[in-house]
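Data first, discussion second: the structure below is written as structure tokens.
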Amino acid sequence: MTNQTIKVVIAGARGRMGIEAVKLAEETSHFELVAALDHAHEGKKLSDVIHTTSEAPIYTDIDVCLSETAPDVLIDLTTPEIGKVHTKKALEHGVRPVVGTTGFSEADLKELQQLTEEKGIGCIIAPNFAVGAVLMMKFAKMAANYFPDVEIIELHHDKKLDAPSGTGLKTAEMIAEVRESKKQGHPDEKELIEGARGADYDGIRLHSVRLPGMIAHQEVLFGMDGQTLTIRHDSYNRASFMSGVKLSVEQVMHIDQLVYGLENIID
């Protein structure tokens, strides 16, 4: 916890995650919501477009927004392509980004790391802000030391645009760090329908499910002779992500580098 007032701008404040982030900013005494970034509604107040008491102005131009409001932190909850632009712009303005969008390549991350070093400020990119999901990934990495046979099933609402999810991909990356590369399944298996065995990350199979009624869920299934281990996390609403957003906003004020993944700021 910090007593310092942290001035924040929220990009994507009218989205499902953004609305929860606005509530978080309103309910956190040391957060001050100074503006929102949106593709429309320039010059209006947040209270004009969503159910909130916030009078924060809405901007459509990120450069103007950051210059006029001088925030400490940009919370970006937009789309992968917009998020990439916003993250770079924020760093160029000396504003610390906390990013909940996915789709950053290794080249993107390298460029952002260089920017954080040049500016001497932090940046946190989190494929998943739910603390339970982060612990699931950490537990999966631990289990992979003993269970090399593993598959991942991630399940999300049918409005999600990317597959696999950032959490699913990040889980596979973490497991691959400790697991010897191995193609999962029978070496001679054949897919009767292309894609039936899911995506392949270093031999780890990832399966993506998209259905209405779901929010964000993931199972990591391990198997060996005579036993299986399942590690599962479920987010039943988007409020579940706000503890991670709050932690990230507080922590980004005290770091001077790029952090990819909430697991790197949770002991």
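Note that Cβ sites are derived from N, Cα and C of the backbone, with glycine treated the same way.
Taken verbatim from Swiss-Prot:
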{"type": "BINDING", "residues": "Gly12, Ala13, Arg14, Gly15, Arg16, Met17, Asp38, Gly100, Thr101, Thr102, Ala126, Pro127, Asn128, Phe129", "note": "NAD(+) binding site"}
{"type": "ACT_SITE", "residues": "His156", "note": "active site, proton donor/acceptor"}
{"type": "BINDING", "residues": "His157, Gly166, Thr167", "note": "(S)-2,3,4,5-tetrahydrodipicolinate binding site"}
{"type": "ACT_SITE", "residues": "Lys160", "note": "active site, proton donor"}
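Recorded features from Swiss-Prot, shown on the structure.
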residue : record                                          : Cβ within 10 Å
Arg14   : NAD(+) binding site                             : 18
Arg16   : NAD(+) binding site                             : 14
Asp38   : NAD(+) binding site                             : 22
Thr101  : NAD(+) binding site                             : 24
Ala126  : NAD(+) binding site                             : 28
Asn128  : NAD(+) binding site                             : 28
His156  : active site, proton donor/acceptor              : 23
His157  : (S)-2,3,4,5-tetrahydrodipicolinate binding site : 14
Gly166  : (S)-2,3,4,5-tetrahydrodipicolinate binding site : 20
Thr167  : (S)-2,3,4,5-tetrahydrodipicolinate binding site : 26
- In DSSP terms, helix, strand or coil for Thr167 ((S)-2,3,4,5-tetrahydrodipicolinate binding site)? helix
- Query: Within 10 Å of Ala126 (NAD(+) binding site), Cα to Cα, which of the recorded positions His156, His157, Lys160, Gly166, Thr167 are there?
  - Reply: Gly166, Thr167
- Just jot down the residues in the same chain as the residue listed as 'active site, proton donor', at least 6 apart in sequence, with C-beta under 8 A of its C-beta; none if empty. Arg210
- Query: For Gly166 ((S)-2,3,4,5-tetrahydrodipicolinate binding site), which of the binding-site residues Arg16, Asp38, Asn128 has the nearest Cα in space?
  - Reply: Asn128
- Round to the nearest Å and give the CA-to-CA distance linking Arg16 (NAD(+) binding site) with His157 ((S)-2,3,4,5-tetrahydrodipicolinate binding site). 12
- Message: Please report the distance from the Cα of Arg14 (NAD(+) binding site) to the Cα of His157 ((S)-2,3,4,5-tetrahydrodipicolinate binding site), rounded to the nearest angstrom.
- Response: 18
- Distance, Asn128 (NAD(+) binding site) to Thr167 ((S)-2,3,4,5-tetrahydrodipicolinate binding site) (CA atoms, angstrom): 6
- Other same-chain residues whose Cβ falls within 8 Å of the Cβ centroid of His157, Gly166, Thr167, the recorded (S)-2,3,4,5-tetrahydrodipicolinate site, in sequence order: Thr102, Pro127, Asn128, Glu154, His156, Lys160, Asp162, Ser165, Gly168, Ala216, Gln218
